[in-house]
Amino acid sequence: MRQVGFNLDTTSRDAVLQISARGRLVLVHPMANRGTAFTLGEREQLGLSGLLPSRVTTIEEQLRRTYAQYSRSPSPLAKFIQLTQLRDRNEVLFYRLLSEHLEEMLPIIYTPTIGEAIERFSHEYTGARAVFLSIDHPELVEQSLRDFELDADDVDLVVVTDSEGILGIGDQGIGGVQIALGKLGVYTAAAGIHPRRAIPIVLDVGTDNLGLLNSDLYLGERHARVRGERYDEFIDLFVQTVTRLFPNAMLHWEDFGAGNAHRILNRYTDEICTFNDDIQGTAAVVLAAVLAAVRLTGMPLAEHRVMIYGAGTAGVGVADLIREAFRRAGVSDDDAYRQFWAFNSRGLIVEDGKGVRDFQRPYARKRADVADWTVVDPARISLAEAVREVKPTILIGTSAQHGAFSEDVVRAMAEHCEQPIIMPLSNPTSRAEAQPSDLLEWTDGQALIATGSPFGTIRHGEIYHTIAQANNALIFPGLGLGVSVVRAERVTAEMIYAAADALAGLMNEYRPGASLLPSMSDLRVVAATIAKAVAETAEAQGLARRPMTNAIADIYQRMWKPEYPRLEILPPDSQN
Ligand SMILES: NC(=O)c1ccc[n+]([C@@H]2O[C@H](COP(=O)([O-])OP(=O)(O)OC[C@H]3O[C@@H](n4cnc5c(N)ncnc54)[C@H](O)[C@@H]3O)[C@@H](O)[C@H]2O)c1
Ligand SMILES: O=C(O)C[C@H](O)C(=O)O
Ligand SMILES: [Mg+2]
């Protein structure tokens with residue numbers, strides 16, 4: 001990080017921060033500012049003596065104060081805003097507070113509260129340290145990226161969204177910038193990616209959200225979403241520019257619409273170092289949860305029948321990776337496809353159905369497969385009807401349809417399956433296909449559950465069930481860290497599988513009611529473990545541009561810790 005007045009080596013855990021700036025400039029730089037923790041000597045040298053209250057405090061005192069402020073904030077959104085303001089004022093303190101209360105604060109800075117912050121972005125706007133790129137100004141793309149003041153070697157990660165498919169709340173226009181910021185917050189909190197080695201970006205291509213278009217306060221381009229050739233050209237311009245300026249960065253795509261996510265990933269995956277979180281991150285975390293659950297059922301994976309309710313960006317990513325696990329278990333590709341039943345908004349996807357997208361097509365069932373089913377409308381076969389016919393053992397929800405896993409669906413599933421594996425993965429909480437407490441109720445406590453948003457622990461009978469949060473936050477931080485440690489040239493299917501496998505390998509608790517996945521409070525351990533597996537896989541595939549000397553040491557050395565860096569105060573006139 002090199003800005004006029006400040007210089008910080010962001011590659012090492014114990015870097016020195018050089019400051020030649022003076023006075024207010026120091027206090028408004030979130031990475032340099034440490035507020036009341038500046039010592040009297042530092043204050044004098046930096047020209048801050050009159051700008052701070054006289055008492056010097058430790059970071060522990062600052063943590064006590066900011067945690068009390070957090071606790072007093074009256075609503076989740078107020079807590080989000082309080083933490084955002086802290087992040088914009090004193091980044092070290094923000095990450096330290098977050099890391100000490102990770103499980104408590106994750107639902108605030110990330111899913112589910114972030115959904116509300118995204119919807120309210122233009123109303124609550126207080127600035128956002130991100131890059132905004134508009135399709136109406138392609139000529140500004142390069143300059144805008146340069147304006148973020150990072151050099152080629154300074155960037156490990158770029159998180160970009162076009163906001164069309166934000167969580168399960170759809171098109172949120174420019175507000176989607178918050179999901180890019182939220183994901184980066186998790187990268188740092190979980191994997192220690194240095195907060196100054198990443199760029200959050202929103203591509204403003206317009207919005208089809210009429211509420212936003214009609215709001216006086218809306219801050220994005222005020223027109224319908226641009227699609228087709230002009231959209232593709234803009235994406236291409238963006239990809240070419242960002243990879244030229246930041247050749248070592250992994251490009252992370254977040255919350256694109258169903259019509260673009262798979263298409264864009266397929267277009268670039270063999271050309272650059274890139275990853276789609278909703279497709280690949282989700283797939284890896286869900287596979288890990290499925291493998292843990294399958295082990296508990298005692299029934300071999302190859303015999304399971306899988307329903308994907310909501311075969312969109314995430315759903316098909318999940319299906320593809322579970323299918324890979326079938327293949328690794330010795331099942332032929334043809335046979336594996338026959339174990340999957342996928343749904344879109346028109347019901348079960350059948351080969352002659354309407355509106356089937358290219359990436360869904362491999363999962364379309366043959367008409368003959370369903371010819372003798374008892375259904376009301378063969379052109380629109382419902383989940384309940386399909387469940388009765390297929391008797392699935394695994395039900396995955398990525399449809400954003402609240403309550404879609406209804407009592408009759410779940411009871412019908414449980415009738416033929418002792419321990420049904422049911423995963424309502426849609427976010428935020430208001431979109432979940434089912435409430436875990438209901439699932440336990442309807443299956444007599446037998447369901448093996450994972451959800452996308454946090455649900456915590458639920459008592460059913462004598463047993464406390466810890467509901468696994470199968471959120472891609474368990475995957476992307478470690479993946480990004482592993483990729484950056486070896487500067488992988490690509491993100492391959494093998495690396496994604498290795499991430500899932502490493503996560504599954506962390507599960508060793510088998511008491512009744514135990515979670516299928518590690519807890520979000522263990523994110524740092526999870527991320528480091530996944531990073532190692534990913535980096536080693538990249539090396540084995542010959543994709544490491546920076547060989548490791550010792551995997552553990554290399555990963556540990558790159559994991560930034562939220563502590564005030566050592567200061568070196570340079571003369572005010574020296575240029576750095
Ligand atoms: N847990 C996680 O880590 C995670 C990761 C990614 C996405 N998700 C969640 O999954 C949901 C979907 O996200 P996405 O990015 O895949 O969106 P998407 O728009 O790409 O996919 C949604 C799919 O659901 C289908 N659908 C809509 N209505 C339906 C209905 N009534 N019945 C059956 N199918 C229906 C659509 O046809 C589409 O294929 C969101 O709520 C998102 O938050 C969770
Ligand atoms: O953002 C999340 O919480 C997970 C996932 O990427 C989603 O889109 O829901
Ligand atoms: Mg997402």
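Heads up, the Cβ atoms here are built off N, Cα and C, so glycines get one too.
Remember, TrEMBL labels are computer predictions, not curated facts.
Database features (TrEMBL):
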- Y110: active site, proton donor (ACT_SITE)
- K183: active site, proton acceptor (ACT_SITE)
- E254, D255, D278: divalent metal cation binding site (BINDING)
- N427, N471: (S)-malate binding site (BINDING)
- 87-269: domain 'Malic enzyme N-terminal' (DOMAIN)
- 279-539: domain 'Malic enzyme NAD-binding' (DOMAIN)
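When the recorded positions Y110, K183, N427, N471 are compared by Cα distance to E254 (divalent metal cation binding site), the shortest distance belongs to K183.
Separating the Cα atoms of N471 ((S)-malate binding site) and Y110 (active site, proton donor) is a whole-number distance of 11 Å. Under the DSSP three-state reduction, E254 (divalent metal cation binding site) is assigned to strand. Among the recorded positions Y110, K183, N471, not one has its Cβ under 6 Å from an atom of ligand 3.
Distance noted between the C-alpha atoms of D278 (divalent metal cation binding site) and N427 ((S)-malate binding site) is 12 Å. When the Cα atoms are compared, Y110 (active site, proton donor) and K183 (active site, proton acceptor) turn out to be 7 Å apart. You'll find the Cα of N427 ((S)-malate binding site) roughly 14 Å from the Cα of K183 (active site, proton acceptor). Contact annotation for recorded positions (Y110, K183, E254, D278) versus ligand 1: D278, each with CB under 6 Å from a ligand atom. Taken residue by residue with DSSP, N427 ((S)-malate binding site) is part of neither helix nor strand, so it is coil.
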